[in-house]
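Participant: To start, I am sharing the structure in question, which I have written as structure tokens.
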Ligand SMILES: Nc1ncnc2c1ncn2[C@@H]1O[C@H](COP(=O)(O)OP(=O)(O)OP(=O)(O)O)[C@@H](O)[C@H]1O
Ligand SMILES: [Mg+2]
């Protein structure tokens with residue numbers, strides 16, 4: 001018998017969604033009968049289904065450390081600290097067969113400096129389907145949790161969502177964008193998932209990855225980078241320890257991110273704070289060139305220069321750092337090409 005499309009869909013849902021585990025016993029007789037038939041049926045199609053439908057299995061989820069390193073080197077400009085920390089943190093976690101807690105990364109920096117880009121590269125080197133994977137979940141504060149007054153509803157929905165997804169696949173990844181705009185109570189609600197618990201309500205979160213993105217701390221990082229620049233020092237000389245105090249100070253003391261201190265930092269739930277440096281003119285030019293390559297256009301340095309010159313830089317007099325990083329490059333390029 002040839003498998004029809006409907007069979008495929010039904011089976012893929014059963015096999016890959018984890019629904020099997022969530023089903024309540026209907027009646028023992030029916031269940032046993034169904035199970036026997038189903039098992040025989042599934043066995044013949046299992047391999048094909050695993051091949052065609054995304055499953056929580058090694059064929060669909062496996063870490064490519066070399067790939068991540070190459071992607072970071074090739075696609076991310078001016079972020080030597082972030083690239084290094086990310087590679088080490090993700091490799092260490094993914095190569096550990098028995099992590100004690102989920103990996104929790106907190107990415108900080110000005111707008112357009114590559115926080116989403118790096119999250120995407122991480123996803124692409126773990127999940128075959130990258131950001132399109134059913135196991136990668138992105139929450140954006142202003143989009144998914146827009147009304148502070150409704151945070152109690154969001155809270156239970158979010159907890160259910162995380163629990164349901166990790167039950168379905170323990171190697172799930174959750175990206176929380178605009179973390180600095182998130183209601184403190186909501187952040188509180190994800191705390192139990194980030195901790196060193198063996199299991200929470202019977203579910204283990206130890207293989208999950210949580211990535212928080214925010215602009216909190218960006219000013220402190222930029223200030224320190226500017227000091228280096230003014231001292232005539234090479235940007236690549238900036239080390240994590242040069243930024244840690246600034247980052248901690250602005251993240252700890254900033255009113256908007258005060259919740260970070262109380263809920264996440266104090267309890268050491270964040271494994272790595274990753275600073276993103278503000279981008280310079282030369283990086284913006286690199287971004288423009290990369291965008292042209294991506295669009296399969298002939299790369300043109302003059303056009304890249306034109307695009308880069310149009311951006312606003314800080315401080316006004318010296319024009320060192322692009323205020324919006326590489327963020328508006330894509331639309332500016334439309335104008336010139
Ligand atoms: N360091 C970088 N290297 C290469 N491309 C970059 C870099 N930073 C930003 N870009 C490009 O600029 C655009 C915006 O970047 P991204 O979305 O990652 O910024 P972000 O740090 O998440 O900003 P925001 O804080 O506003 O969310 C993307 O197209 C990205 O590819
Ligand atoms: Mg972003």
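Going from the start of the chain as shown, residues are counted 1 onward.
Backbone N, Cα and C define each Cβ position, glycine as well.
Just so you know, TrEMBL annotations are computer predictions that nobody has curated.
So TrEMBL lists these for the protein:
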- 109, 110, 111, 112, 113, 114, 115, 116: ATP binding site (BINDING)
- 279-336: domain 'Torsin-1A C-terminal' (DOMAIN)
- 1-22: signal peptide (SIGNAL)
Participant: Under 6 Å from ligand 2 by C-beta, which of these binding-site residues make it: 110, 111, 115, 116? Sequence order, please.
Facilitator: 115, 116
Participant: Per-residue pLDDT averaged over the domain 'Torsin-1A C-terminal' (279-336) comes to what?
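Facilitator: The answer is 95, the mean pLDDT of the model over that range.
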Participant: I want the residues beyond 109, 110, 111, 112, 113, 114, 115, 116 whose C-beta is within 8 angstroms of the mean position of the ATP site's C-beta atoms, in chain order.
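Facilitator: Going along the sequence, the neighbours come out as 117, 215, 218, 276, 325, 327.
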Participant: Per DSSP, how many helix, strand and coil residues does the domain 'Torsin-1A C-terminal' (279-336) have?
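Facilitator: Looking at the domain 'Torsin-1A C-terminal' (279-336) with DSSP, the answer is 32 helix, 5 strand, 21 coil.
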Participant: Give the three-state DSSP assignment (helix, strand or coil) for residue 109 (ATP binding site).
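Facilitator: Reduced to three states, the DSSP call for residue 109 (ATP binding site) is strand.
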